[in-house]
C-alpha cells in the first residue's frame, strides 16, 4: 500500500513511479484505489493519472465520491455507501489473479476514515500489505512522518520505507537534513526521492526515469507465499478489528521511551524475489 503523511504529498505520482519501475523489471502490475474523492462520475481520477504516466496496466476503483473530502464524510454527505473492507479485499484478490504486483493507493493519511470504523491502517492490515509512506521533504516532515510510521506499526503494519515526494533540484538545508534524519527517527529507509515536477513528464520520459529513483530498494522482493489467497492469510475483519473509539490507549501507558524505542528498530530486510505481491 502507498499512503502519505497528508494529502498532496505525491502519492499518485509515487504509485505511478513504482508501477513503472516494477514493469521495467518485467512484472505485471495492477493498481487499486479503494476510495477516490473529489471527482465526478465521468471525470479523470488518480488511476487515470497513474496510467497516463506508467502506461497501460490493470486498475480498479472501489468507490468514488464527488466532493473533495475524507471518504467517510463524502459518503455521509452524498448518501452513498461507505467503503467496505471485504469489497476492497475482494478487489485486490481479483487483481492478484492477473498481476505479479498489486499497488493499493490510499486517500489522505493513514487515519483518514473510509467508514466510521475503518481506516487505511485497517485496510493495510487486512491485506497484509507492506506500506510505503510518501512524505513532504520540507520543514515539519519529521513530526508528521514519525507519527504516521508509529501509527502504522501500532496497527500491526509493516513499513517498507519512505519516499520523499517533490524533491527539488536544489533542496534547502531543512530538506537535506530531513533526508538524513528520517531513517534514524523512524527506523524506515528512504527508498526514493521523486523529483519535483515528475508528474508533468511525458509517459516515455517518466517510464525511463522512474526505475532509477527506486534503484536498490527491491520493494517487490518481500517474502510471501503467493499460493495463499488473501482470504486465507488475513484475519477476518470482524474478528480482528477493534472499533476506532476503543483503540486508543492512554499515552502514558503505551509510550516507550524514545531512546529505547529507536534502538529496538531494525532495518527492513528483503528475501528472495516472489512472483506475486501486494504493496
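A Cβ is built for glycine as well, from the same backbone N, Cα and C atoms used for every other residue.
Residues 12, 105 are given by TrEMBL as Mg(2+) binders; from 46, 48, 136, that same site also lists 46. Between the alpha carbons (Cα) of residue 10 (ATP binding site) and residue 105 (Mg(2+) binding site) lies a span of roughly 11 Å. Cβ proximity to the Mg(2+) site centre (mean Cβ of 12, 46, 105, cutoff 8 Å) flags the following additional same-chain residues: 2, 11, 15, 16, 31, 33, 45, 47, 49, 50.
On the backbone, the CA of residue 8 (ATP binding site) and the CA of residue 37 (substrate binding site) stand 13 Å apart. In the three-state DSSP assignment, the secondary structure recorded for residue 37 (substrate binding site) is strand. With a cut-off of 8 Å between CB atoms and residues at least 6 apart in sequence, the same chain places 46, 49, 50, 105, 199 near residue 12 (ATP binding site), listed in sequence order.
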